[in-house]
Amino acid sequence: MEITNVTEYEAIAKEKLPKMVYDYYASGAEDQWTLQENRNAFARILFRPRILIDVSKIDMTTTILGFKISMPIMVAPTAMQKMAHPEGEYATARAASAAGTIMTLSSWATSSVEEVASTGPGIRFFQLYVYKNRKVVEQLVRRAERAGFKAIALTVDTPRLGRRESDIKNRFTLPPNLTLKNFEGLDLGKMDEANDSGLASYVAGQIDRTLSWKDVQWLQTITSMPILVKGVITGEDARIAIQAGAAGIIVSNHGARQLDYVPATISALEEVVKATQGRIPVFLDGGVRRGTDVFKALALGASGIFIGRPVVFSLAAEGEAGVRKVLQMLRDEFELTMALSGCRSLKEITRNHITTEWDTPRPSARL
C-alpha cells in the first residue's frame with residue numbers, strides 16, 4: 001500500500017508492534033477525551049485563503065532560538081523509541097538532521113545523549129524530567145550540553161504520571177533487552193514490573209513532585225542552554241514562565257497522556273500567545289497530523305510545532321526512511337497550504353487567514 005499521509009502509519013505500526021508497545025505510544029489518559037480533542041479541534045478552524053498572489057516561490061525557513069531550520073516542523077520528545085525499531089533514536093536523529101530540522105531527545109530515551117550525538121551533525125534539544133536526586137539532574141544536563149545539545153525542554157506537567165488505563169491493563173514495562181540509557185549505571189535505568197503500570201511506579205519513585213517555578217531558575221544556574229517550558233496551557237502560567245526566565249514555551253498537554261479534559265493544545269494556543277505579548281516564542285505539540293494543522297498553529301501565533309506520535313509510528317513501520325517520509329509529507333502539505341492560502345513566507349501567515357469557532361461571527365454580505 002502506498003502511504004499518502006501521516007495518519008496511515010499508525011495502522012501499520014499497530015500491526016507490527018506488540019500490543020503493550022503500540023498501546024503505550026497510542027493511548028491517552030482516562031477517557032481519552034483530550035486525545036480525541038487534540039485532533040478534533042483542528043477541524044473547527046477553517047481557512048480564509050487569499051487569491052491571485054504570486055506563490056511561485058515559497059520560503060518555509062525559520063530561526064528557532066537562533067538556529068536556522070528548514071521548516072517550522074520539529075520532532076517532539078518521545079520515550080523509548082527502540083521499542084518501535086531497533087535503531088530507535090539513532091534513526092530519528094538522522095532523519096531530523098536530513099530534513100534540516102530539530103530533534104528533541106527524551107530523558108527516557110533508549111539511546112543516550114552521547115549516542116545520539118554520535119549519529120552526526122544536527123540541531124538537538126534535550127527534554128528533561130527532574131528527578132528527586134538533583135545531582136543526577138545536574139549530571140545529565142551537563143552531559144547533554146557537552147554532547148552538543150542546544151536547549152532544554154523542561155517537562156512541567158508530570159509531577160505524577162497520568163492514569164493511562166491501557167498501560168495498567170498491559171502491566172506496561174520496558175522490554176528486558178532495553179534500558180533508559182541516560183540513567184544506566186545510576187541504578188535508575190531499570191523499570192520493574194508492577195501491579196499496574198511499571199512506568200507509573202517508576203515515576204512515583206524517581207520524579208520530584210516538589211518541582212516548582214524556583215527550579216526553572218535553578219536550572220539556569222547549572223546550564224547556559226536556553227530553557228523551554230513544556231506543558232503550559234494557560235495565559236497565567238505563560239506570564240509566570242517569562243518572569244522565571246524561560247526562553248520559550250511549548251503549549252503541550254503531553255499528548256493527552258496526563259490530565260484528561262484539558263483543552264486541545266490548538267485551542268489553548270492563542271491564550272498563551274496573547275499572554276506572552278511576543279516576548280518569547282511559543283510552540284505547540286499535540287494532534288498535528290497534516291500540513292494544514294501546521295499552518296493553523298502558525299496563524300494562531302505559534303513559532304513552530306513539534307510532532308510526536310507520527311514519528312514513533314513511522315519509525316515502527318519503516319525505520320529511518322519512515323521518519324524521513326513523515327517529515328517530507330508534512331513539509332509538502334504545509335508548503336501547499338501556504339501556496340493555496342496566498343502566503344509566500346512564514347511572516348505572511350496571519351490570524352486573518354483562518355476563522356475559528358470562538359471568533360465573533362462575521363457579518364454576511366447583503367445581496
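For all residues, glycine too, the Cβ spot is worked out from N, Cα and C.
As given in TrEMBL:
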DOMAIN    1-359  domain 'FMN hydroxy acid dehydrogenase'
BINDING   Tyr24, Tyr129, Arg164, His254, Arg257  glyoxylate binding site
BINDING   77-79, Ser106, Gln127, Thr155, Lys230, Ser252, 285-289, 308-309  FMN binding site
ACT_SITE  His254  active site, proton acceptor
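Features as recorded by TrEMBL, highlighted on the structure.
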| residue | record | Cβ contacts under 8 Å, 6 or more apart |
| --- | --- | --- |
| Tyr24 | glyoxylate binding site | Met80, Met83, Arg164, Ser166, Asp167, Asn170, Phe172, Leu199 |
| Pro77 | FMN binding site | Thr104, Leu105, Ser106, Ser107, Phe125, Gln127, Ala153, Thr155, Gly308 |
| Ala79 | FMN binding site | Ser106, Ser107, Trp108, Ala109 |
| Tyr129 | glyoxylate binding site | Ser107, Trp108, Thr155, Thr158, Ile207 |
| Arg257 | glyoxylate binding site | Ser27, Gly28, Ala29, Leu35, Gly162, Arg164 |
| Asp285 | FMN binding site | Ala76, Lys230, Ile250, Val251, Ser252, Gly255, Thr265, Ile305, Phe306, Ile307, Gly308 |
| Arg289 | FMN binding site | Asn5, Val6, Thr7, Arg39, Pro310 |
| Arg309 | FMN binding site | Glu10, Tyr25, Ala26, Thr78, Gly255 |
Calculate the distance in Å between the alpha carbons (Cα) of Gly287 (FMN binding site) and His254 (glyoxylate binding site), and round it to a whole number. 10
With neighbours defined as other CB atoms within 10 A, the best-packed of the binding-site residues Arg164, Lys230 is Lys230
Per-residue pLDDT averaged over the domain 'FMN hydroxy acid dehydrogenase' (1-359) comes to what? 94
Are there any residues in the same chain, six or more apart in sequence, whose C-beta is under 8 angstroms from the C-beta of His254 (glyoxylate binding site), and if so which? Thr155, Asp157, Thr158, Gly162, Gly231
Around the Cβ of Gly287 (FMN binding site), the count of other Cβ atoms that are within 10 Å: 27
Please work out the number of neighbouring Cβ atoms within 10 Å of the Cβ of Gln127 (FMN binding site), leaving out its own Cβ. 23
